[in-house]
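Per TrEMBL, the features are:
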- 340-584: domain 'COPA/B second beta-propeller' (DOMAIN)
- 626-767: domain 'COPA/B TPR' (DOMAIN)
- 815-1217: domain 'Coatomer alpha subunit C-terminal' (DOMAIN)
- 47-88: repeat 'WD' (REPEAT)
- 89-130: repeat 'WD' (REPEAT)
- 131-164: repeat 'WD' (REPEAT)
- 200-241: repeat 'WD' (REPEAT)
- 244-285: repeat 'WD' (REPEAT)
Amino acid sequence: MLTKFETKSNRVKGLSFHSKRPWILASLHSGVIQLWDYRMGTLIDRFDEHDGPVRGVHFHATQPLFVSGGDDYKIKVWNYKLHRCLFTLLGHLDYIRTVQFHHESPWIISSSDDQTIRIWNWQSRTCISVLTGHNHYVMCALFHPKEDLVVSASLDQTVRVWDIGALRKKTASPADDILRLSQMNTDFFGGVDAVVKYVLEGHDRGVNWASFHPTLPLLISGADDRQVKIWRMNDTKAWEVDTLRGHMNNVSCVLFHARQDLIVSNSEDKSIRVWDSTKRTALQTFRREQDRFWILASHPEMNLFAAGHDSGMIVFKLERERPAFSVSGDSLYYVKDRFLRFFEYSTQKDTQVIPIRRPGSISLNQGAKTLSFSPTENAVLICSDIDGGSYELYIIPKDSLGRADTVHESKRGIGGSAVFVARNRFAVLEKSSDQVLVKNLKNEIVKKSALPVATDSIFYAGTGNLLCKAEDKVVIFDLQQRIVLGELQTSFVRYVVWSNDMESIALLSKHSVVLADKKLVHRCTLHETIRIKSGAWDDNGVFIYTTLTHIKYCLPNGDSGIIKTIDVPVYITKIFGNTIFCLDRDGRNRPIIIDSTEYVFKLSLLNKRHDQVMSMIRNSELCGQAMIAYLQQKGFPEVALHFVKDERTRFNLALESGNIEIAVASAKVIDEKDHWYRLGVEALRQGNAGIVEYAYQRTKNFERLSFLYLITGNLDKLSKMMKIAEQKSDVMGQFHNALYLGDIQERVKILENAGHLPLAYITASVHGLQGVAERLAADLGDNVPVLPERGSASLLMPPNPILSGVDWPLLRVTKGIFEGGLDSAGRGVQEEYEDAADADWGEDLDIVDVVNMHNGDVSVALEGEEVDEQNDEGGWDYEDLELPPDVDTPKTATNARSSMFVAPPAGLPVSQIWVQKSSLAAEHAAAGNFDTAMRLLNRQLGIRNFAPLKTLFTDLDMGSHTYLLGFSSAPVISVAIERGWSESASPNVRGPPALVFNFSQLEDKLKAGYKATTAGKFSEALRLFLGILHTIPLIVVESRREVDEVKELITIAKEYVLASRMELKRREMKDNPVREQELAAYFTHCNLQLPHLRLALLSALTVCYKAGNLNTAANFARRLLETNPTNENQTRTARRVLQAAERNMTDASELNYDFRNPFVVCGATYVPIYRGQKNVSCPYCGSHFVPSQEGQLCAVCDLALIGSDASGLLCSPSQVR
């Protein structure tokens, strides 16, 4: 059984497949009806109007309807498109067991526990016949798929076949008067619509199910006596043919297979059984652990079944339908109906070659699974699942093409899979021993080879090579040299497809495609929601594959798309140009013509074949939102522009590609405020002042216009803007314009008119307008504001613009590949501008010219109203504004730019040069490239925890740059500081970055650490030595000698960090004297400076002596005396301890410490690791740890991962050279 879909739900009592769509209805014991898409594995809808279990459900063959019947005695007809119940049929008096639509007539048949069967007309919504005769619950009633018959099964232990021919005649319109008369008589005197044709008795218990064979005069029934019975019928009688025994409990449901001689039954014994209907033997049994089965359904068109059980349902196939095939040059060999067939692509001729052995039908899925062909020897290997995996080798005689009558003897063998690896050699996988057997054409073993991975199956990978598929990866294995040529991590690969030149490979799994090269270097992975069935490479290097519903393509970069929708799954064998050859599930060769324009276009774009792209744009019908979105996403908006007719889309693409002319043309057509605003923003970015001005005028955006005139230095227009603001009574706008112009008197006048007399007085006083100030002081009286005495005050005056009233200067550069010659729109816009040079653009503006007027002399439109028609001055157009000739018509600077240009490439930033030239982590961090710096440190020193290095990274980055101020309006300029720079150096050669950390700083830190240790400030010492360890990875030194000194410093710092941590830990252990003594003892074995070692020994002998461990204390005393201490007190103490210990050489408590056996201390657990014991070390600081700490963060340096691989410290350019 091949399970395709499974659900978890309440008990499933009814199932029905949709005839065309991948849908299945499941009616549940809880009263809910679920509609599932079994291909996608999604719940589409649920219907829950029934009260109580729903036992029967059925889709209509052609209408968007389904019917359901439940324990609420109701039959409901639903429209799944409208998501609702259309009507309810009432009449049954007990639970309804099954419902079914008739295949032609507008009828529904229902069976019920009220011992009747009813036939309903769903169009007139009436019951047209009641079939009575059963004397117990009727468990099932079904129409015959072709004839006017009904079969029913009941708990009265009988199966009845009913003839409903009279009902059909009655409902058909009578052709003549005699028929009409007989029908009237029938209606009048109570004729019978349905008669019992046969009553089949043979079951000992109640019958749960009975169904017709789709084509033969056969019936099948299943009952509570655990038996399945086959019945045959003719025109006059019906009789029992055979009984199938094997179920251990009540048989719930039983069906004939529509296309094969099989019977499928399920039972409350938690099993589904498949039987051979000709031999009447059991073929296979599928069991569930907990769930009893209740219902079976078969798909009307496909080889699919569904079974409902206690906790859901399963959709399954009994056998694989994929034909086994192998392509060789212009020909295809494939297996169909127990024959090997040959198909020639050029002539499309299909011939039978030889019959192949039929396996004994003892189980399912015994057909050919894979096929491998050797063209030079004309040999075929066919693999199947017989005997747990076996192969057959056929040698095809040269003259046998077309003569498929003679049976050829095959050579057989057992093996997981078998493929040809050379002209006359094939490899067979022996799964049990994970080795491959290479055999010759006589089926003799030539050599054995162990495989590098636990292999599930093998595929051809070039002469002498195998592609071995493991559970989570695939490898290419060379059988001669016995080496792995390539490896790729990917799980559950099912099929492998090589390109014609064997340079590319596609690995297909159930829901993904992985593309790689011949060495299994990954290129891309593509995921699909529905199952992938097959694939092949076309001549362009594009991978074409099929899913259950589509033919799709995948480009080398992972971009994919749909080529064609298909009705039934097909298996691609070969692609010639626009023709895809494929096999369907019936083993028929089908050529499918496709349109490859879309993927060839995308491939040309990807490969930068611009000539091809240009010709395709001109000649092909490539359009649609998907293509435009693709071009935008890939950074080719200027190409997308040539496909688009919709003005809004054209406008967006023109802005994205910087094509101002097309943007203006589209904005004029659209004429919306938002589009003019966006056009203004883009034109401003390009420095095209004329277009910006035009856009702002169209949107009447006076504030932006004023600011534009300020930054372009157009003071004449700015003064007119001030007058316009005055006429519109826009006080704030008027004041801003006066401020931009530096017009003091106007500002004082505005403030005075607005009633702000104190502000007006201050403005006049500060700017030296004494006469005005005195007049205002008189008006203010006693409220004259007092001005502060400021020493160095300066007046706020508007700055002079850098460029006055012209477009920004633009570089002349070569046109982009897609510019010009492609699209008429740009040229048309250009010509339109030339024609519009004398046009009056001002008529849309509600602006009044007030140059030569006094206040109040003009009638003005306020807030968007039109200007008075009687006004002599008219609208504010370009003549009125006296525009300079260069902005008469707002167009792009034609002398510099006639279309969109590709900007010249910028030079490399210094930080990028640093990164390219260096493999030192410190220099990468200084360049601001923290990501590569971290990767280098991880590779070189195994560092995984970068939190302690964060501030050091930022210090390096900030310290290698300085920042200069340019213009007041320009951004700050960042300047890289180089190490060892001199004036004589060439300006084109970049030195390495200057670093804020150096070796001499660390030496100072080391001295401070020694000092803190001597003073017993271990927390301070720990901080200093850790600082050294954290800084060393970001140090750069010049000579090899200095590199050795840095490495020595790591060792020193590591020892002191470990010692400090142990001493601090010991001080916390006052309540555990044994552990306190052990830590004091281990402290003395750290590699410390002699003064510090003496202090450690003194501390240890004191702790041990006080705890009564005199023998151990004596050992520390001897070691202390051996160092010849310069401090007299230390010598005296050691001698006194020795004398005391010699009287009683014993230890009060046993310590985990053996001073005779050399050891190192574990940096995490602080236990001794004696010589000869296994240990792991930190790849950076070299601290030792017990094996259980492998993979943990180093507890000493707090940076690296214990036991990880690392190449070693790199801190000098001399190491790289």
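In case you wondered, yes, glycine gets a Cβ from its N, Cα and C as well.
Mean pLDDT across the repeat 'WD' (131-164) comes to 94 in this model. Taking H, G and I as helix, E and B as strand and the rest as coil, DSSP gives the repeat 'WD' (200-241) the counts 0 helix, 25 strand, 17 coil.
Counted with DSSP, the repeat 'WD' (89-130) comes out as 0 helix, 25 strand, 17 coil.
With DSSP classes pooled into helix, strand and coil, the tally for the domain 'COPA/B TPR' (626-767) is 115 helix, 0 strand, 27 coil. Per DSSP, the secondary structure of the repeat 'WD' (244-285) breaks down as 0 helix, 25 strand, 17 coil.
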